[in-house]
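**Student:** Questions regarding the structure given below will be posed in turn.
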Amino acid sequence: MLVRHPLEKIPLRQLLIRLFPPWSHYTTTSLHEAAKLGDEHAVRRAIKAGVDLNQLDENGRSALQFAASSGCSSIFAILLQAGASVGILVPPPSFIDVCIIGFRLLDTSFAIIIYGWLASKIHIPVPRFILQNTFMGDTEQLLTLFLDSNPELSFEDKLVIWSQAVDRGYSGVCQRLLRQGFPVDFVYCHDEYPDCFTALLHACGACHADLAQLLLSNGADPTLLDNHGRSCILLAAARPFCDHAGPWDESNRIIQILQATDAVKHINTTQNNTGSDTTDPSLPGRLGWPLGDASQGLRIEAVRILLLAGADPNLKPESGWTALHAACRWHVSDAIDVVRLLVQFGADVNAVSENSWTPLGCAALMGSFLEIIKILVQAGANIESTAGELTTALQIAARHDISGGKIVKYLAEQGANVNATGGTFGSVLLATLKRSVSVSEDGTISLSVDDQQTQIIAFLSVFLQHGVDVNMIPEGHPCPLQVAAERGLARVLSFLLSHETRIPLFKDKSPQRRSRDVLQKSLLSFVSPGYPETFAILLSAGVSADTDGFDQATGSYTTLLSVACSRNDTEYLETAILLLEHGADPNLPDYAGHVPVQRAAYALSQKHLQKLTEYGAEMEIGDRDQWASEGRAFGSEALLEASDLSLLILTKESVVDLANEKQHYMIADYITAFIEGRLNNDGALV
């Protein structure tokens, strides 16, 4: 509802005097100074000296208002006892006041329509503005003193104080307003949140237990719902939603109080406004029913109180998430006790959500506590239960276990199928190979590739003990060796190969390949040349060195040897040497007709050129224009006109600058210089 500004009730004449005061009417007195400084003795002296208690200073503020603003409750009480008028407790003139006065002055004119439209577009929370600028410091005591002075307040004035007192949990202020006849179940709107509720609903959601007890003793209805469909007991079980909430433990007391009232009729009621933004299963305390929110908040006492009061542990909203699902989705040890309590009260350990998640799947996804897994399995959880999209709990654990492998080992020992296929990862084996971190039993987390490989091998050893098929390839997924090769897991590759993992078949150089009609890929095509150790393992295992690879720089397919010659660094050179040693053809062109020597020249790598020469690479340059026409992938459309080799600074640092020019001319010149011996040890022209 619209709450009127107090100035709106003042006659127009008084408003004008307030806005344009005569200078003689406003004078700062010793009482103002004493109240502003919080000097109680000086205040008493000024009162004894007969200073006008209601005199306003140059800014229109009284001594009583200074006392209220500074939070000096003792001075506030002294002034009230001395007879200071509480009617002056209004903020000094502000922009809001000017707008209201302007509205009153234009009451009958056409401008009121325009002003009203603008005012509706620029919302200013007037009640909060008044309260915050009038009562600061020890607000509750000042408000109780103010109300005890029996001021003449309209219903709108009381509502302003009521809403702010409820928000802050000021039970003393609310008690005084109730004595003055304020309706205990009056529905009002919060001035910051899109919530319409009664004081009891607000107190339950803000953890104000004393206030909730006071309101109930004054006849507040505990069965009412707010505009989002939330009940008192739901708000008490959920997370506090306002800035001035009390201690979260107080909500346990509120639930204890409510369970002895008619509020329990909503103990198994889900929030009826499911489209509200206050319902979000991915957020703590937003599931939409009391036990679910208390469980997701891991509030063990609240969960116990609700269960003893008759809360259904198997209540399922539209999403299918149960309280047990909620409790299993945490990395915090408090989840263990909540899960155990829910299971003791009969929670269904095999409940399935609408997107196929079970409590066991949720616990496996967290991967933190073996205790939770054991509680669920011992209570009858299906060991093959799903964790979304038909992924098994063991697959999820293989990917996310951060218990040092204890969860993976336990599930395998309990009979989980190590060869189950389907779901996000495809298989247990593939899920393990995609682990990105290593976590030891003491919780130490490591991102190093070597530590990852150690833990992956440990997981694979467990699965091998339980009969995992290392050659199984799920439909739509790559083979295990490919995943390990792509990630550069050399030790894992060796481990898999030592356990009879088969290398995919590959057709060696065929006539079709030589005529560039057939694209041939092997495991090596999935490996970056920056992993020479991986190349060495696969080449030693019999993978062909003549294969096609993908050049990330040009975004096109080329021979793997050409890719290995495309960068002037140690790892690429080591990989190129490995390929040549295992029979890679140094003169095999790629689909654009380029050969490895062109790539090496483009990379300005003399060492690559030397190795290619040793293994029979042809260094005949041929027609420069032909190289230009065949080498368009290496440069832009602009032509490089330079013909004097002495002007070309072909060093590693010049690659960035040369990338904008027609590189194929320089490539031919560089190879010519190499053949003629005009390159120094660093690969630069001499």
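Cβ coordinates come from backbone N, Cα and C, glycine included.
Got these off TrEMBL a minute ago, pasting:
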REPEAT    26-58  repeat 'ANK'
REPEAT    59-86  repeat 'ANK'
REPEAT    195-227  repeat 'ANK'
REPEAT    319-354  repeat 'ANK'
REPEAT    355-388  repeat 'ANK'
REPEAT    389-423  repeat 'ANK'
**Student:** With DSSP, how much of the repeat 'ANK' (59-86) is helix, how much strand and how much coil, in residues?
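**Tutor:** Summed by class, the stretch gives 19 helix, 0 strand, 9 coil.
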**Student:** Which residues of the same chain, at least 6 past either end of the repeat 'ANK' (195-227), have a Cβ under 8 Å from a Cβ in it?
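**Tutor:** Same-chain contacts beyond the ends: 162, 166-167, 169-171, 174-175, 178, 184-189, 233, 235-236, 238, 240-242, 244-248, 250-251, 253-254, 257-258, 261-263, 265-266, 272-273.
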**Student:** Who are the chain neighbours of the repeat 'ANK' (389-423) in space, where the CB to CB distance is under 8 Å and they lie at least 6 residues beyond its ends?
**Tutor:** 355-356, 358, 360-361, 363-370, 373-374, 377, 383, 431-432, 434-435, 437, 439-443, 445, 455, 458-459, 462-463, 465-469, 472, 474-475
**Student:** Give the residue counts of the repeat 'ANK' (319-354) per reduced DSSP state, in the order helix, strand, coil.
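**Tutor:** Taking the repeat 'ANK' (319-354) as a whole: 17 helix, 0 strand, 19 coil.
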